[in-house]
Amino acid sequence: MKFKSSGASDITAQQDGPTRTKGVDASHALAKKDWERMNKYKDDIFSVAAQHKVDPAVIAGIISRESRAGNTIKDDGGWGDHFKAWGLMQLRAPPSGLGAWDSRAHLSQATGILVDFIKKIRKKYPDWSKEYQLEGGIAAYNCGDGKVDPKDADKNTTGGDYANDVLARAQWYREKYNPKTFWGSVWGFFSE
């Protein structure tokens with residue numbers, strides 16, 4: 001599946017300080033900076049991706065956006081967003097108690113929530129392309145499915161760019177995680 005993404009907004013692009021890079025290039029640069037930390041979770045990402053039939057790169061894209069592969073939350077026991085969200089994929093508090101903030105159990109729970117949102121968006125907007133359903137599901141993961149605007153899925157997301165930034169980061173990780181050598185079709189849940 002190919003998708004187009006506008007990438008990071010100017011504000012998101014400056015997570016690591018002032019930069020002239022923006023859009024997809026900025027998202028790719030942020031993903032690349034998280035690569036070494038992300039590799040620590042590679043086996044867990046692949047396992048959870050296979051379990052939920054999700055591209056591992058999308059999971060990595062969310063982890064990069066939400067916690068910079070754990071870098072922004074490691075000193076606070078996995079808490080982020082002013083202690084309102086928890087774990088690598090920043091689930092809203094309180095955590096369910098499924099594993100540590102950087103555990104496979106946490107990734108599985110969060111990915112299950114992501115898949116549920118994608119399915120809700122798919123059901124709500126059956127005429128949307130699969131690519132836009134994915135974008136809408138990622139936006140819903142951030143802001144809730146009731147806030148996904150049909151004309152601009154990112155309109156109500158953090159920074160107004162959440163899904164597009166996640167998808168652009170996922171593009172970068174996809175090249176690194178090469179799903180063809182991992183387990184074949186990465187969009188299996190769309191054909192269910």
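Keep in mind that glycine also has a Cβ here, set from the backbone N, Cα and C atoms.
Database features (TrEMBL):
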- 1-26: region 'Disordered' (REGION)
- 1-18: compositional bias 'Polar residues' (COMPBIAS)
- 47-157: domain 'Transglycosylase SLT' (DOMAIN)
- Glu66: active site (ACT_SITE)
- Asp81: active site (ACT_SITE)
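Mean model confidence of the domain 'Transglycosylase SLT' (47-157) amounts to 93 (pLDDT, 0 to 100 scale).
When the alpha carbons of Glu66 (active site) and Asp81 (active site) are compared, the span between them is 9 angstrom. The secondary structure of Glu66 (active site), as reduced to three states from DSSP, is helical. Taken through DSSP, the domain 'Transglycosylase SLT' (47-157) splits into 59 helix, 8 strand, 44 coil. Per-class residue totals from DSSP over the compositional bias 'Polar residues' (1-18), listed helix then strand then coil: 4 helix, 1 strand, 13 coil.
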